[in-house]
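What TrEMBL says about this one:
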{"type": "DOMAIN", "residues": "1-99", "note": "domain 'Ig-like'"}
Amino acid sequence: TDKVHQTPTAILKGPEDKVNLTCSHTDSSYNMILWYQQSAQNTGLKLIGYVRFTSPTVEDSFKGRFDVSGDAAANKMAYLHFPKVTEAEDSAVYFCAASEAQCFTIPSLLYKNPL
């Protein structure tokens, strides 16, 4: 059975229209929901943002155009909202995914090593 569900499954909107997508999951070990965009211009998946527990993060390239919210752990739901369709790239396929949040740091990236 599917553990992750996205609604609506298909949507057609025009310029300046609002868009709201919902993602839910049924796995009690998942505490993070991620949103991705795949546009016709760039077929790779681009991370829009994610909700870890109740803490939302939007990637810099999507800030100001997209919002994410929700509770990925307790309510097992997250939302992707863009107030209005403004760019051709907004016409795309959107994916959500759920996972266990993994936190780690790589010390070599935190400090500049003198050569």
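Glycine is treated like the rest: Cβ placed from N, Cα and C.
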| said: Going by DSSP assignments with H, G and I as helix and E and B as strand, what are the residue counts for the domain 'Ig-like' (1-99)? | reply: 6 helix, 49 strand, 44 coil
| note | Rounded mean pLDDT within the domain 'Ig-like' (1-99) lands at 89
